[in-house]
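Here it is, the structure in full.
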Amino acid sequence: MSTYFISAIDTDAGKTIITGMLAKYLKDKGRNIITMKMAQTGCPEYSEDIEVHRKIMGLPMLPEDKNGETCPYLFKFPASPHLAAEMECVRIDEDAIHQSIKNIEMQYKDVLVEGVGGLMVPINKEVMVIDFIQQHNYPVILVTSGKLGSINHTLLSLEVLKKRGVDVYGVIYNHYPVTAPEITADSAGIIKTHLKKYFPDALWGEVPCMNDIQENPVLSLDEKWFNV
């Protein structure tokens, strides 16, 4: 049984689609895989991110999705989880999120947990995403891209993970938004060099640019990913 935490350098870096693509990759390899979302805002009835995962995986919404097991916290207001929760007079309990993950782990061999925003996003007033990851020793898959500012955001995220002693399982470079070839090559090169120096065991993956999740894009991963 393996659980991986999918985080990103920022909101809208592509972690939802990439979580779905990683799940499809494992599903196509015959693995018993499910995705989760630790919390989601701006969704009054169900997790739209989980729905995206299932569409990419070629699955309908599962019973675990419908009963809230795969996304234990949903809030109507589109804001940081701690604020959206406060607006509904709720405090997000990080232990409840962990228990939901443990319950899912009893049913599936592989679990991909998609985070909210980046590593320093507050879950509540006391706990940030990075605190939750560190406490439970989840290996992280970090999603990045070539958009303006991504080198800084990526290296800062990696620095935080290193300082906290968190295992960086891999980094996935999202080719959306499209950047000039020179920018893409330079950004990817700098990040790879940093990984080689400070995270020599971290894996590298890439996602091609796509306009729609129905395009069935193919992840560029080597055979070391997930030991498939």
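The count begins at 1 with the first shown residue.
Placed from the backbone N, Cα and C atoms, the Cβ positions cover glycine too.
What TrEMBL says about a protein is an automatic prediction, not a curated fact.
Not my notes, these are from TrEMBL:
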type	residues	note
ACT_SITE	Lys37	active site
BINDING	Asp12, Ala13, Gly14, Lys15, Thr16, Ile17, Asp49, Glu114, Gly115, Val116, Gly117, Asn174, His175	ATP binding site
BINDING	Thr16, Asp49, Glu114	Mg(2+) binding site
BINDING	Thr41	substrate binding site
Specify the count of other C-beta atoms within 10 Å of the C-beta of His175 (ATP binding site).
18
Tell me the Cβ neighbour count for Asp49 (ATP binding site), meaning other Cβ atoms within 10 Å of its Cβ, over all protein chains shown.
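Asp49 (ATP binding site): 22 neighbouring Cβ atoms within 10 Å.
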Could you state the whole-number distance in Å separating the C-alpha atoms of the residue listed as 'substrate binding site' and Gly14 (ATP binding site)?
16
I want to verify one value. Collapsing DSSP to three states, which class is Lys37 (active site)?
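For Lys37 (active site) - judged by DSSP and reduced to three states - the answer is strand.
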Using the structure shown, find which entry in Gly115, Gly117 (the binding-site residues) has the sparsest Cβ neighbourhood within 10 Å.
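Lowest Cβ count within 10 Å among the binding-site residues (Gly115, Gly117) is Gly117.
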Tell me, how many other CB atoms lie within 10 A of the CB of Gly14 (ATP binding site), whichever protein chain they belong to?
21
